[in-house]
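Heads up, the thing below is written out as structure tokens.
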Amino acid sequence: MATTKRVLYVGGLAEEVDDKVLHAAFIPFGDITDIQIPLDYETEKHRGFAFVEFELAEDAAAAIDNMNESELFGRTIRVNLAKPMRIKEGSSRPVWSDDDWLKKFSGKTLEENKEEEGSEPPKAETQEGEPIAKKARSNPQVYMDIKIGNKPAGRIQMLLRSDVVPMTAENFRCLCTHEKGFGFKGSSFHRIIPQFMCQGGDFTNHNGTGGKSIYGKKFDDENFILKHTGPGLLSMANSGPNTNGSQFFLTCDKTDWLDGKHVVFGEVTEGLDVLRQIEAQGSKDGKPKQKVIIADCGEYV
């Protein structure tokens with residue numbers, strides 16, 4: 001597989017972004033082999049762009065689909081394939097040294113979103129002063145009983161925002177109740193990255209490559225009204241636009257670079273401590289230290 005299909009150019013980076021931030025942002029899409037952030041040695045700061053190399057070309061393509069024109073530390077970033085035309089494989093020269101395309105785009109951010117500032121859409125958390133019980137009357141609540149290793153860890157209770165994303169919420173609700181004949185019970189959280197997210201929902205292949213929705217194999221992104229504003233938010237995992245199935249993730253922290261790319265459809269109302277126990281089983285590459293199983297799940301009626 002050509003290296004150029006695996007190396008991404010990431011431009012428009014804020015000063016706060018470092019290799020750890022980039023690793024956390026891009027690791028959900030696959031194994032990363034290298035991250036380079038060129039420095040300006042006069043200012044001792046990075047130059048506003050970076051290169052992320054994936055092990056597999058298809059993972060790099062998924063990262064482009066999800067991360068291009070997303071927001072990271074308040075800046076809209078560009079994510080494209082790096083195109084080092086004159087550098088041979090194995091060369092020790094940095095890939096940005098001869099690439100006019102990179103010089104053109106380094107440090108550039110998109111301006112389109114500036115006009116939209118000030119009209120921020122509703123966020124996933126409830127409005128200040130509004131009791132959670134008010135939404136519970138119209139929105140379903142579901143639960144998952146978690147087992148870590150061979151020991152019960154507790155229950156996570158979640159409110160599904162059917163008032164905002166009814167199709168996505170109904171898919172998740174039915175997968176919790178198994179009323180369609182299949183669902184989450186007995187499946188695992190196969191990808192866990194501390195300070196980022198815990199991903200599960202692949203009840204067919206159990207490795208992030210499978211799962212299915214109640215509507216068939218995949219369904220479209222419903223909307224992106226709700227945002228990834230903090231820990232305990234429930235969002236759809238995908239492999240690009242309009243590829244929702246059954247896989248989902250629970251955020252461990254604010255992950256605003258996923259806004260507009262993944263559909264947020266719920267939030268943890270009880271059991272955030274259980275989510276933290278799941279998070280503690282994670283690793284930088286996402287492989288859990290112990291098996292984390294959804295031992296039981298269902299709906300509060």
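Glycine residues also receive a Cβ, built from the backbone N, Cα and C atoms like all the rest.
In Swiss-Prot, the entry for phosphoserine among Ser91, Ser213, Ser283 corresponds to Ser91. Residue-level annotations in Swiss-Prot identify, among Ser97, Ser106, Ser235, Ser97 as phosphoserine.
Ser119 is the residue among Ser119, Ser246 that Swiss-Prot describes as phosphoserine. In the predicted model, residues of the domain 'PPIase cyclophilin-type' (143-299) average a pLDDT of 95.
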